[in-house]
Amino acid sequence: MAAKAVDKLPVTFGSFVHQIPEGFYPGEDSTLPASVTIFPNVDLGGPLIQMSGVTGDGMISVDMNNDKRSLDFSYSSNYPLAPRTQPIAYMGKISIDHQYSGSGWNTEGIFNLVSAASLLGVPPSSCSSTSSSNASSGSPNLSCSMSHPQSDLEHIYSPPPYSSCNEIYQDPLRFPCGSPTAASLPPPPSYPSPKGASDGGMFPMIPDYSALFPPQCQRDLHSDRKPFPCPRHPSPLSTIRNFTLGGSSEGPRLASAYSPQNLPLRPILRPRKYPNRPSKTPVHERPYPCPAEGCDRRFSRSDELTRHIRIHTGHKPFQCRICMRNFSRSDHLTTHIRTHTGEKPFACDYCGRKFARSDERKRHTKIHLRQKERKNSATAAWRQHVARTSLKPQSGRDRQPCALLGPAAAHWDSIDPNRTG
């Protein structure tokens, strides 16, 4: 069905949107849809009406698919346009319900806003492509788009004048330092320049700086200098752990003049408590005698002899890292460090008291053992005394009346315990 076209139909935009005429809502007996009331020259189910744009004189050009003639709507706005400080392009879709709902006009279906967007800097080509795509749809809708000249937006939203990423991320070596002392300083190290953007990536690849950071203890050193070790002083707990695992935690090595082999063997100032006490190990099983004069000690292992010789030489190779006290034996240093750390790994089995040394716990345990022995001896003596007094026969003259039984005790005394029946 061809639509009737009118050359120009004056429509007031303010009255069309804000004010609704009195005859806008038909009565109960009205049989025509509201679209005919608004657009009397347009048939029901008409073709798609497309508003391609707004001209400079405020005319809206309407194209009809079946009729090649153009239908222009002229409107005059009652509200003055505010001066625009920033060009804005609006694009939206307004669909008018063309189906007759029956009794009256559907107030909710007057204007169905399907989509609306406020786009900044949209060229006219995008608006025309949007309107052409809307024209191919089957439902009668009305597409409107307003655009502004693109030249007004170019000076506001113009991209930066960068041609490639290499110009954005420039090599800092191209700009040498202009300070007056730059000539006296050594040349800066040569950093590998990043790869260009022509390798296939938009941004340059991150250069590899692994060669600039050597391992620890060699950082910030020139190539002509030799690396030096970085020793770390062990903590007291690590020293105890080294002794437990059999490691060496000796202090700095003494010079060759102060080595144990060159130290004189002095006699022991404090003699043994029991010098004539025989050893439990036979002599043939102790092949390492003490070389000191006047010392008849023999040992079954060489490390025991080495430890014994330190008594004669006074060599103390084990030093405490906290108080710098020296010890001749590693176990003595281990127990000494526990006085600083407060560690007490040895607990008493009887009272639970803790000690830092095993010999202290052993000495404390002997106290409990002696107390236990005295208690056991007292208990045994009491039992012997009770057994001795209970089995001793008493004569009638030695019997004393019972204070608890009183007069009844005479009856029990008259009974002969040896009598039967």
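Glycine residues also receive a Cβ, built from the backbone N, Cα and C atoms like all the rest.
Residues annotated as compositional bias 'Low complexity' in Swiss-Prot: 127-145.
Residues or ranges marked as region 'Disordered' in Swiss-Prot: 127-152 (among others).
What Swiss-Prot lists as region 'Disordered' is 179-200 (among others).
Here Swiss-Prot flags 223-288 (among others) as region 'Disordered'.
Annotated compositional bias 'Polar residues' per Swiss-Prot: 236-247, in sequence order.
Residue counts for the zinc finger (288-312) under DSSP, helix first, then strand, then coil, are 11 helix, 4 strand, 10 coil. The zinc finger annotation in Swiss-Prot covers 288-312 (among others).
Among the features that Swiss-Prot reports, zinc finger is placed at 318-340 (among others).
On the 0 to 100 pLDDT scale, the zinc finger (346-368) averages 92 in the predicted structure. As annotated by Swiss-Prot, zinc finger applies to 346-368 (among others), with the evidence given as sequence analysis.
Sorting the zinc finger (318-340) by DSSP state (H, G, I as helix; E, B as strand; all else coil) yields 11 helix, 4 strand, 8 coil.
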